[in-house]
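Annotated features, as they stand in TrEMBL:
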type: TRANSMEM; residues: 32-51; note: transmembrane segment
type: TRANSMEM; residues: 63-83; note: transmembrane segment
type: TRANSMEM; residues: 95-112; note: transmembrane segment
type: TRANSMEM; residues: 119-138; note: transmembrane segment
type: TRANSMEM; residues: 158-175; note: transmembrane segment
type: TRANSMEM; residues: 196-215; note: transmembrane segment
type: TRANSMEM; residues: 227-245; note: transmembrane segment
type: TRANSMEM; residues: 257-288; note: transmembrane segment
type: TRANSMEM; residues: 294-313; note: transmembrane segment
Amino acid sequence: MRPAFAVGLVFAGCCSNVIFLELLARKHPGCGNIVTFAQFLFIAVEGFLFEADLGRKRPAIPIRYYAVMVTMFFTVSVVNNYALNLNIAMPLHMIFRSGSLIANMILGIIILKKRYSIFKYTSIALVSVGIFICTFMSAKQVTSQSSSSENDGFQAFLRWLLGIGALTFALLMSARMGIFQETLYKQFGKHSKEALFYNHALPLPGFIFLASDIYDHAVLFNKSELYQVPVIGVTVPIMWFYLLMNVITQYVCIRGVFILTTECASLTVTLVVTLRKFVSLIFSILYFQNPFTLWHWLGTLFVFIGTLMYTEVWNNLGTTKSQLQKDKKN
């Protein structure tokens, strides 16, 4: 029952989180810092109360290791959210972040000296081609739709190019963080809830450097149109409501993934997260009417199929079916 409940949390939390993030980004594209700060603060407070036991519980993994992990996690979160301010549309943002398998494989080969089967290399090639198609078509849209002025169009393209660079950097940094976490868990054991708390609590002082931008967007949020919250009837600026819902749904999403990691195999977790990204992408395209051509659909299909191939889901399903049949006979 718990795995089914966790899957429900992942789809409900993560998919609705994307909706509220896009609502925020469409109104104020540069609001990534205040969104990141709100998410970190909420999860840190929750973890301080229920995981760290008001600071009385000692961490299983030494703080010095968390300091390294937190630096990478904070950088990835800020850069990913800031990329939305650089002419990066939400569908491309989601597709590009789905390329984490590529980054993990590249760094796994370089750092951990891993070797993979031809099947996995083929799947990564599909993901790479899919991301390239979507990125290339998005580049054409940016240059053609941004402005009738050639100079403004070129500046918009440069901002988009910077956004792609930011997403690429965040992708590689995220993969490096995953490898670092893997080595830590092998040494000290898995402590996912503890890692979740410290990854969000320790970076909070770093937001001092972003305080000016956070304050400016808080002022803009206060000036947004008023909205009456259903059921409770409280009236608040609508941007604050969007931010609150984004934070809550982000927490639900993370909690769902955490339950999955403790209840299911890593393959199942990967498959559920991949399907969730695909559903979020489709919903974003249909609900927000984001521009999406046949080439984008082809690229998305390549990314989706390549990810499923990498997880070898068909082999796993076959093994599971055989095991069930064997158990039934016994």
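Each Cβ is built from the backbone N, Cα and C atoms, and glycine gets one as well.
Since we're looking at a predicted model, the values are computed, not measured.
Contact check: the transmembrane segment (63-83) against the transmembrane segment (158-175) gives at least three Cβ pairs closer than 8 Å, residues 6 or more apart, which meets the contact criterion. A Cβ distance under 8 Å defines the sequence-distant neighbours of the transmembrane segment (196-215), meaning residues of its chain 6+ beyond its ends; these are 30, 33-34, 36-37, 39-41, 43-44, 47-48, 51-52, 59, 63, 66-67, 69-71, 73-74, 78, 254, 258. Among the listed stretches 32-51, 119-138, 227-245, 294-313, the one sharing the most Cβ pairs under 8 Å with the transmembrane segment (95-112) is 119-138. Residues 89, 91-92, 95-96, 98-99, 101-102, 105, 160, 164, 293, 295-296, 298-310, 312 of the same chain lie 6 or more positions beyond the ends of the transmembrane segment (119-138) yet place their CB under 8 Å from a CB of it.
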